[in-house]
Amino acid sequence: MSTEKFTITEHLVPGSHIREYPGSTVNQEDVLKIHVKQYTPKREGPVPDDAITFIATHGVGLPKELYEPLWDELLDQASGFHIRAIWMADVASMNQSGIHNEDKLSMDCSWMDHARDLLLMINHFRDQMPRPLVGIGHSFGGNIITNLAYLHPRLFTTLLLLDPLIQLSPPSLGFGTDAPSAINYTLWRDDVWPSREVAIRANRAIMQGMDPRCLDRMTKHFFRDLPTPLYPDVEAIKALFGTTADSTTTPVTLTTPKYHELVAQIRQNFNARDPKTGRIEVPRDTHADMDPLVAYIPLYRPEPRSTFRRLETLRPSCLWVIAGATFLNIDEIREGVKICGSGIGGSGGVPDGRVREVVLPGFGHLMPFQEVKTVAETCIVWLQQEMDRFRQTERQWKEDRDGKSHLAVEENWYKVLKPIPSGRKKRNDKGKL
């Protein structure tokens, strides 16, 4: 259990100022709070200087606590590196963050906001986060952690992307408007039950195949007791299910309301068509990230495609752990692996050994909760390699810097920049600023 292996410290920090979309909050100046958990290994003795600080990101609507068994496995199996701490924050509209912000949230969501929120979190706790930092993200969290690396290219030593939502086109059975798809299910699903036990039974399909440790956390953190702002009248809900008013069972709902899960999965584009003329025109104030060529579609999600298109520039090394039975477009993800880090500003990519893919056959998108040990083992092999490289690079940097002046430039500057000839006439710059 995580509490046996880690000291868990909770934090509440402000989110980034000015959200990507004006409709993300009730009022545009609202200050959102981000709920953070810091997992510090219980250990004897000092922490090594090169111990890793992990920054982790979760999937849509998935409580951050579901990943705790993965942290346990990383700690148990760690060889060739040490863990300083693991930091994980709920997206502002989800889970514990969502509860803190529920009076300020509205019906829009940009994945880019959480990348900025994490950058502010890291800056806030910088004294506890010396290098190396490693990013690990699952699903849309893999997209978010990649965008954080775009924001600050030298922040992460390496990235671990677990079935990341980075692709050019929507997945089949994923984001189409016709059923079956994830968004149809999200909008039309039941989201209130007479008791936690009934809720667990009703959602057993989602929990199928989960590691018992993850299943335990799912039952605790995926549901929330009523009342909530969405369902304030507990007695009315009890009456709906025929439960007596004096019953001791408490109705529950989803910790992340289904509407916030929906708008994180997909974004509406309902107003691009002028009702009078029928003309399609992108409303730039609110939908500047909409591709004008497809502005006629009513729903879209910009981040998977925009993130894919920047993969060539990704600076940190990167391990892609891909679920062989994922519902995502696996062929497109693998195309992303091929170009990852290969361009100007990038890591060097696959040819330089800086990017690697591992496909886990038969594993589904929820593999961090179903195949915890295998996912951890896959990450550890990569981390051993990357930490060896980090230490070598650090040693070389210190050797190269030894004895250098920090007050004046080195001699090579004088060799490259030629001196101004003596006796040269002074330029007449009168009249110029």
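Note: Cβ is positioned from N, Cα and C throughout, glycine not excepted.
Feature list (source: Swiss-Prot):
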type: ACT_SITE; residues: Ser139; note: active site, nucleophile
type: ACT_SITE; residues: Asp163; note: active site
type: ACT_SITE; residues: His365; note: active site
type: BINDING; residues: Val60, Phe140; note: substrate binding site
type: REGION; residues: 58-246; note: region 'Abhydrolase domain'
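Checking the recorded positions (Val60, Ser139, Phe140, Asp163) against His365 (active site) with a 10 Å Cα-Cα cut-off leaves Ser139, Asp163. The DSSP secondary structure for Phe140 (substrate binding site) is helix.
When pLDDT values are averaged over the region 'Abhydrolase domain' (58-246), the model yields 94. Comparing the recorded positions Phe140, His365 on other C-beta atoms within 10 angstroms of each C-beta gives the minimum for His365. In this structure, the C-alpha atom of Val60 (substrate binding site) lies 13 angstrom from that of Asp163 (active site). Residues near Asp163 (active site) in space but far in sequence (CB under 8 A, at least 6 apart, same chain), listed by position: His138, Ser139, Gly142, Val321, Ile322, Ala323, Thr326, Leu328, His365, Met367. Fewest other C-beta atoms within 10 Å: among the recorded positions Val60, Ser139, that description fits Val60.
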